[in-house]
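Written out below as structure tokens is the structure these notes cover.
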């Protein structure tokens, strides 16, 4: 069996498209190639890598959603360019870029809206990922309560769905969300 390898486009092009320096891109590429020698990662490998960060929980469902957010071309694989573009947004993007990316993650069916079912799936996946040893111990209805609070805050016109505009506006009005978006600003 032969392995097809993917070489990323030129570093200069990636440097222009992201908020990383050439040196940072080289470091990221070495790490990516170390985990994914073929230069691409499929969903199964992505889940295995992601699971290492959450040993006490089941990260597979959240990793599935995350993988599909990284796989913007819906090819079933994430190339280094896809990975570094998303990482650039999450670590160094503008508030608007980060919020748009997060909205896209939560909009599981990609219809341009977040409905309660999608938000429930995301929240359950986060709780599964954190594991049953979280403190304080979570009650069975905690995910539903979080979804209800999310919709009370975000669904401005109370139509049962959250649009990108509602999401952007609500997040920018929330000091906690805005602070959390700055947490990884200086990583790397």
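Every residue gets a Cβ built from N, Cα and C, even glycine.
Marked as domain 'EF-hand' by TrEMBL: 58-93, 94-129, 142-177.
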Take the domain 'EF-hand' (94-129) and find every residue of the same chain, 6 or more past its ends, with a Cβ under 8 Å from one of its Cβ atoms.
54, 57-59, 61-66, 68-69, 86, 138, 142-144, 146-147, 150-151, 154, 160-164, 167-168, 171-172, 178, 181
Any idea what the model's mean pLDDT is for the domain 'EF-hand' (58-93)?
94
Count up the helix, strand and coil residues in the domain 'EF-hand' (58-93) according to DSSP, in that order.
24 helix, 3 strand, 9 coil
Could you break down the residues of the domain 'EF-hand' (142-177) into DSSP helix, strand and coil, giving a count for each?
26 helix, 3 strand, 7 coil
What are the DSSP helix, strand and coil residue counts for the domain 'EF-hand' (94-129)?
26 helix, 3 strand, 7 coil
